[in-house]
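Colleague: Copying in the features that TrEMBL gives for the protein in this structure:
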type	residues	note
DOMAIN	53-102	domain 'P-type ATPase N-terminal'
TRANSMEM	82-100	transmembrane segment
TRANSMEM	106-124	transmembrane segment
DOMAIN	138-205	domain 'P-type ATPase A'
TRANSMEM	308-329	transmembrane segment
TRANSMEM	363-382	transmembrane segment
BINDING	Asp426, Lys427, Thr428, Glu524, Phe565, Lys588, Arg625, Thr705, Gly706, Asp707, Arg793, Lys799, Asn823, Asp824	ATP binding site
BINDING	Asp426, Thr428, Asp820, Asp824	Mg(2+) binding site
ACT_SITE	Asp426	active site, 4-aspartylphosphate intermediate
DOMAIN	846-1082	domain 'P-type ATPase C-terminal'
TRANSMEM	882-898	transmembrane segment
TRANSMEM	910-930	transmembrane segment
TRANSMEM	951-976	transmembrane segment
TRANSMEM	988-1008	transmembrane segment
TRANSMEM	1020-1041	transmembrane segment
TRANSMEM	1061-1081	transmembrane segment
REGION	1104-1125	region 'Disordered'
Amino acid sequence: MQNSQSELGQPDPWSLYLPYDNKYELQGCCFKTRPHWRDMKDRTIITNIQDHELPDNTIRTCKYTLWTFLPLNLMEQFSKMANIYFLIVGYLETIDLVSITDGQPVIWFPLFVVIAISAFKDFLEDHKRQLSDRDENKRIALVLTPYGLVEKKWQQILVGDIIRIEQGEYFPADVIVVKTSEKGSCFIETKNLDGETNLKIKKQHKGLQFTRNLNDYLLQKEHILVHYDKPNPYLYKFNGTITMPPDHNSDGDQKVYQLDEVNFILRGCSLRNTHWIYGLVVYTGFDTKIMLNSTKARPKSSTLESQMNFFIILVFFIQLVICLFSAQYSVFWQLDNFMDIPYLELDENDLQTNIVFRTMERWGTWLLIYTNFVPISLLVTLEMVKYLQGMMIENDKQCKSQNHRTEVQTSNLNEELGNVKYMFTDKTGTITKNLMEFKTISIHGKSYGNVCNRSQILNSDEITHMPQVTNVDFRDKQLFNDLNQNDDHSRRIVEYFMHLALCHTILVEYEQGKIKYNASSPDELALLMGAKFCGFEYIGLDDGMMIVKYKDQLLKYKLLQVLEFSSARKRMSVIVQDQNDQIMLLCKGADSMIINLLDKSNRQNQELLSITEQHLEQYAEKGLRTLLLAQKELTKQQYDEWINKYLLAGLTTINREEQLLSLQDQIETNLVLIGGTGIEDKLQDDVGSTMQKILNAGIKIWVLTGDKLETAINISYACNLLNDSQQKIVIQSDDQFEAQFKINSGLDLLKTQFQNHSTALIISGDSLIHLDEKYLIKLIELAKQCHTVIACRVSPKQKQELVQLVKDNIYNIVTMAVGDGANDVNMITAANIGIGIKGVEGNQAARAADYSIGEFRILQQLLLYHGRECYRRNQVLVGYNFYKNLLIVLPHFWFSFYNGFSPLNLYDPWLYQFYNMFYTSVPIMIYAILDQQYSSKFLLKNPQLYQTNNKVTLLTFFFWFCSGGIQSAIVIYAVFPSMEQTSIDKEGRILFLSSVGMAVFCYAIIIVNLKVFVFSYMNSIGSVLSIFGSIILYLLTYMFLSQFTDRLDISHTFIHLFSNIQFYFILSGILILTILFDLALSRWSIFSEQQLFEIHRVRDAEEPASSEKSRFGSTPPSSLMPPDKFENLFQEEEDVYDDTSVLLPVKPVKTRKYTGYAFAQQEKKLDEALRNAEN
């Protein structure tokens, strides 16, 4: 049914707007896509009239459909160069002129298996998404129709529908609140969107209050014009207007009302503490804000993968060179020895005149013989190994916290965890718990909470008679004594706590008769709990009245306006009217912002500010988070004039946000200071020991926080990032030239006075703003020489820029970012590895991260054990795959010196293709998943071993390359002379080529499988069975093909080969030579490692006693010793990393030129993150 005028009934004022003009055209040819949201247009709809031109409410998060899976997945598979290479090789095998497989593309079978395994994995992952989409789309919702409320599937809902949501149900689309069961208000939970369990309040616009008295039949007849924004990804932003029909107003005019985010509810939210709600559907399906935020993450690849791709290209070019050499050698050898090889029936003139053609012909044949230079199974093997490694990380008990398990969302970065050089971490909620406690306060120049005299501390009996609250650690008896004095100061105390009880956005709900506060910020919750503890209990909001209980009296204040917190404003305000009709503006926020808003002409204000700033500095020295409280009285005329402008600005559609912010700034001026607060944010468990171990592992740590400088410094002392023996370079300036001067001075100090000292760099976000590109490079040069960097007062965008700055200017490093809030998303996605902590600030960071963890301490296990071991095993897996392919391919090259480089294939083509798939793949996979050099406990006690891994370089690649080349020469030159005269069966047939080839093939399989046994540190029953099982599988298939087929060259060679006693003597000799070769290389590796340890031991002995402890200790490890024996060599000292989670030592900061507050209220952070990303 198309929208039309007939649905309205005549006459109707909205007929001009029908049919709707909201449609947008899909773009593309074969695969249609939606246009970018910026290219769409604002919408106009009418309630109860569906827009059939817009998409329905179906959502799809899966990548494929039944019809697109095959083409799209094949496109994805053949975007990998290795697959394209083997596809071309298969085509060459069909060309008779160069084919060595009788024109059969045998390479396509293993290629098919590799692609099928990868496609099957993709299918399984996508099928889970398909099932989830199907369940989501088939949920049931109540839709208002002319026949009443009708059950419809979510996917059938259209824009213009009015739906009814019951308590506990989820919203199927983005809606505007039409009416509710609770006088126009409702409570929603956004846990599915941002992980927050705190309830938010949404309201019916006052222009829709008439719907409260309408039943379903009458509500369905209402036609209200709604104009609103085009679809956009800003979760906490909504602008629109509703226009009422003339018959709703006595004067016959059309009234227009402004809608904002308070009237708007997102898909995925759930209804709480409200019986029901009716909502108008405005965005559906892919146009909903949550779906517009479901963008694909930037693909990340590990350093090892990049190096592997380079090695594949390098091997391919080496292969081309060897093929060209073999082809030219063959042609010229035939020309030189033409008279000695008449049995080949060659045409000498043809060889001489077509030398280029014959060279290219043989080059193509040699290319097919050397096909397996590039390991066909490497990519899929590594992919499967990483997936299984990720499962092991998720199931590791040491990676689980009390409430959360570690989740691996990007398993292809497993080994990157073992290669980290720089770690960037947020402070609040990451290092600290983000569980605030009301600790100290400053009221009109007097500080409370810093109690030195025991007699002034509340005892346990006195506390039991106080209100029982959480988030409070305040024990100063003097406050309560002053509050009971009934003098001017006591009235100021009442004024102060009334400010705390009123200036917030906390919602109240009742559970079993008890009040429960739902705060969007842990700071606000701590402040309100502090007010309740001191006798000022916030009861809730009832019909626009804020109610505070004090001394058994209910004090009511009319809430006139809320000026919400934002990262740019760094403050929030409320405007209230008391019972005497006095209008007050109450403001709290960062001291750096509030100071500029104070009344400069008020001398008493300035004197009070000087005292309060001293108090805040004292609080910051203890690591507390600080803010200022201020207020001012408004006359009714002042308020009326301002609110009229404010409401008028809210109706505009052009620069609405800028106009509203400007008017907020106008009203928040000439404030009167009333005091400040200090809130403690506890350190997480074991954060101190975790930081120390990460530093000892050779990883440099950058703390990026929005807190003030003093708070950041003292928290850094508490978690062992800073100590008194360190030299500190502080760059804090609002002036460009001063900031540049301090950077130059820092570089000079590092070259002279600080050259042999551990150094920390401390810089403010304001200083960063003034640095141009030249000085940003100098800043990096300065930071490279510092063990720790602390950046305070930095915005989310600056966090991202600092990470990118380090990545762009320090060569060949791996960066890791750790955060817990939506304001850390940009930083997490910018780093090579993103770690999200599931915490109080929601799950946005955890969802955007590559790995999500429950606590900061889990980084020990993740980096020092799993990261190190995954890197060690995976780099062996990559090198081993090149090695085993060279061992099976290069015998052709060495054998060619016997036959004039005639392009002959030594092996049966089918068994040759099974080599990578079945005969050599399983043991190395089990090694890469289960092998363990040292135990987790031992690696955590010796973090210096994190940096002793053999890093993948061109040198290590050539080690594997040369190992394969030398051992292949050993095999072929041991087999050929020995079996040349013995390859004759009982019937007199010469089986020389087939027997030699299959002997070499058999020896290669035995060597490469046993090599896994040699370099493994742990050999379980499973690994041993896989090694010998692979060898037995080869023998069984070889025996079957040899005994039961007559058309193959290897027919009847199995019995001949294995009945020859010489075969076993050769095998014994080859195994001795190759294993001794491997042992010699291993001993050289151990010797090199010992030399490294010895150098560091001597260096540490020459350093002063105050220097840092050696990163490597004094005892060299033995790479060949089993873990239990090796661990005994180390001096197992007692763990020196004490848990500092309950201690917050005071480290005085001597020079202070800056104060401020990081007001970490959880607010519209995702919108800011999106805007920053766009900029």
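Using the three backbone atoms N, Cα and C, a Cβ is placed for every residue, glycine included.
Give me the structural setting of these features: burial, nearby parts and distances.
Modeller: Tertiary neighbourhood of the transmembrane segment (82-100): same-chain residues 106-108, 110-111, 114-115, 312, 316, 361, 364-365, 367-369, 371, 374, 376, 378-379, 903-905, 909, selected by CB-CB distance under 8 Å and a gap of 6+ residues from either end.
Residues 63-64, 69, 73-74, 76-77, 83, 86-87, 89-90, 93, 371, 376-377, 379-380, 383-384, 387, 909-910, 912-914, 916-917 of the same chain sit 6 or more residues outside the transmembrane segment (106-124) yet have a Cβ under 8 Å from a Cβ within it.
Long-range Cβ contacts of the transmembrane segment (308-329) within its own chain (Cβ-Cβ under 8 Å, at least 6 residues beyond either end) map to 81-82, 85, 359-363, 365-367, 370, 373-374, 378, 382, 878, 882, 893, 896, 900-901, 903, 957, 961.
Panel annotation: around the transmembrane segment (363-382), residues 80, 82, 85-86, 89, 92-93, 95, 97-101, 107, 110-111, 114, 117-118, 305, 308, 312, 315-316, 318-320, 322-324, 326-327, 874, 877-878, 881-882, 884-886, 888-889, 892-893, 903-905, 912, 915-917, 921, 924-925 of the same chain, lying at least six beyond its termini, place a Cβ under 8 Å from a Cβ of the stretch.
Under 8 Å, Cβ to Cβ, and six or more positions away along its own chain, Asp824 (Mg(2+) binding site) finds Asp426, Thr430, Pro796, Lys799, Ala817, Gly836, Ala845.
Same-chain residues lying 6 or more positions outside the transmembrane segment (882-898) and placing a CB less than 8 Å from one of its CB atoms are 311, 315, 322, 326, 329-330, 369-375, 378, 904-907, 912, 915-916, 920, 957, 960-961, 963-965, 967-969, 971-973, 976, 996, 1000-1001, 1004, 1007-1008, 1011.
Beyond the ends of the transmembrane segment (910-930), by six or more residues, the same chain brings 106-107, 109-110, 113-114, 372, 375-377, 381, 384-385, 388-389, 392, 873-874, 876-877, 880-881, 884-885, 888, 998, 1001, 1004-1005, 1008-1009, 1012-1013, 1016, 1018, 1020, 1022-1023, 1026-1027, 1029-1031, 1033-1034, 1037-1038, 1041, 1050 to within a C-beta distance below 8 angstroms of the stretch.
Sequence-remote contacts of a segment are chain residues at least 6 beyond its ends whose Cβ falls under 8 Å from one of its Cβ atoms, and for the transmembrane segment (1061-1081) they are 959, 963, 966-967, 970-971, 974-975, 978-979, 982, 999, 1003, 1006-1007, 1010-1011, 1014-1015.
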Colleague: I need to check the long-range neighbours of the transmembrane segment (951-976): which residues 6 or more away from its ends have a CB within less than 8 Å of a CB in the stretch?
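Modeller: Contacts of the transmembrane segment (951-976) (Cβ under 8 Å, skipping residues fewer than 6 from its ends): 303-304, 307, 311, 314-315, 419, 875, 878-880, 882-891, 893-895, 898, 996, 999-1000, 1003-1004, 1007, 1066, 1069-1070, 1073-1074, 1077-1078, 1081.
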Colleague: Among all the protein chains here, how many other CB atoms are within 10 A of the CB of Thr428 (ATP binding site)?
Modeller: 28
Colleague: Count the other Cβ atoms sitting within 10 Å of the Cβ of Arg793 (ATP binding site), across every protein chain shown.
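Modeller: If we count other Cβ atoms within 10 Å of Arg793 (ATP binding site), we arrive at 24.
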Colleague: Validating a neighbour-count step here. Other CB atoms within 10 A of the CB of Asn823 (ATP binding site): how many?
Modeller: 28
Colleague: Just to be sure I understand the packing, how many Cβ atoms besides its own are within 10 Å of the Cβ of Phe565 (ATP binding site)?
Modeller: 26
Colleague: If you count other C-beta atoms within 10 angstroms, which of the binding-site residues Asp426, Asp820 is the most crowded?
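Modeller: Answer by Cβ density within 10 Å: Asp820.
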Colleague: Give me the Cα-Cα distance between Thr428 (ATP binding site) and Asp820 (Mg(2+) binding site), rounded to a whole Å.
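Modeller: Taking the Cα atoms only, Thr428 (ATP binding site) lies 8 Å from Asp820 (Mg(2+) binding site).
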Colleague: Using Cα coordinates, what distance in whole Å links Gly706 (ATP binding site) and Asp820 (Mg(2+) binding site)?
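Modeller: Roughly 13 Å, rounded to the nearest whole number.
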Colleague: Rounded to an integer, what is the Cα-Cα distance in Å between Asp820 (Mg(2+) binding site) and Arg793 (ATP binding site)?
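Modeller: Cα-Cα, rounded: 17 Å.
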